[in-house]
Amino acid sequence: MSVRPQQVLQMHTTHSPSFLGLHQNVGLWNASNSGKGAIIGVFDTGIAPQHTSFNDNRMPSPPVKWKGKCEFNVTTYCNKKLIGARNFAQLDKSQWDKDGHGTHTSSIAAGNFVDGANFLGNANGTAVGIAPRAHVAIWCGCDFHVNGIIVSPPLYDDYIAVGVYSVMEKGIFVSCSAGNDGPDKGSVVNEAPWILTVGASTTDRKIKAVTVWGNGAEFEGESAFQPTIFSRKLLPIVNGNVCELLNTSNVKGKIVLCETHGYRSGKDKVVVKMAGGVGMILMNEKNLGSTTLSENDVLPTTNVDYNDEQIIINYTKSTSTRVATISFKGTRTGNKHAQTVAYFSSRGLSMQSRGILKPDVIGPGVKILAAWSASVAAAITSATAASSTFTFQTGASMSQPEPGSWP
């Protein structure tokens, strides 16, 4: 037993199982009883215990060897699915998930079957974790979600590496996120050789939002906001560059071109909407490549990849009549870019040892639909009058539970 000072760390579905080749009553799920008898421990921001993904329908009783505790004030929050909940965080002793992250990752790993799961009507289907018959124990050890570049410490001073080594000696398998600081070389974290380090990839699902231009060209993009009514009339285009710093004097009634540099705060969309813009085309800069996101946008929007950005910019420079509209197509599978490494997924080599090759594997980590804390959902969706207990999240944290939870 040892005690060390707190460190700042980064917290790094209806389609993912089938995309990975998992199907009921056949193959790996059938051979492994869908993870029956396994206990998956999750170290995250807590959990929303009443979420339907953690119902114990058709769940067996916990293994006799289980000696953990459920420390919710209401004892019925734990059941045969959620068998343990404890809090080791400094700021709050509650096991409730106030961030949403822990609920999301736990359901990806071992969520039970939930029919009719969707986000704003998109990606509708049966939500299920990778090991749906496994039990879940959540340890809340993260006070809040930290963004920003995290530099991996030397292995001897890496609390996760040291702690996991002890766990590994007891025969317990541990997987961790590779991090979200790609595409820079040497950005991978959790690179100890006794950890399965998981990077993030795309899937073949898109929530389509297609831009139609005055010259007849069309470019496929994405947005989770799919309005049923939007002008089919070609609308004037204005180039906003970095839209958080938008000159708002010439925006009203127009679609605004904006360059995006990755994870977005949403401030750019609010700026455009407040200035009277009727739509946005978010264009990936070079580092983002073909990784596009589907978000709950505050106005009609599409996110297009870098190759299309280059064509769009050249077109707008070649004509004085710059007009376009956005056509919303809903959920589609068969994306030609799948499966590729997501731009943000941290890359190797290990900075701690050139003899360590990391990440070990990749898994789907872009636009993953999974359980969401109702209190967090209400706070986020109040501005759009939308309500959902499932949501899309993107990051290596979403990919880590998948290979780490194989039955």
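In case you wondered, yes, glycine gets a Cβ from its N, Cα and C as well.
If you look up TrEMBL, you'll see ASP44 (among others) marked as active site, charge relay system.
Look at TrEMBL and you will find HIS101 (among others) tagged as active site, charge relay system. Other Cβ atoms within 10 Å of the Cβ of HIS101 (active site, charge relay system) number 24 in total over all chains.
Under the heading active site, charge relay system, TrEMBL lists SER397 (among others).
Annotation comment: TrEMBL describes 35-137 (among others) as domain 'Peptidase S8/S53'.
A mean pLDDT of 89 is what the model gives for the domain 'Peptidase S8/S53' (165-401). Look at TrEMBL and you will find 165-401 (among others) tagged as domain 'Peptidase S8/S53'.
What TrEMBL lists as domain 'PA' is 239-308.
Residue environment of SER397 (active site, charge relay system) contains 26 other Cβ atoms, counted within 10 Å of its Cβ in all protein chains. Between the CA atoms of SER397 (active site, charge relay system) and HIS101 (active site, charge relay system) there is a gap of 9 Å. The distance from the Cα of ASP44 (active site, charge relay system) to the Cα of HIS101 (active site, charge relay system) comes to 7 Å. In the three-state DSSP scheme, ASP44 (active site, charge relay system) falls into the strand class.
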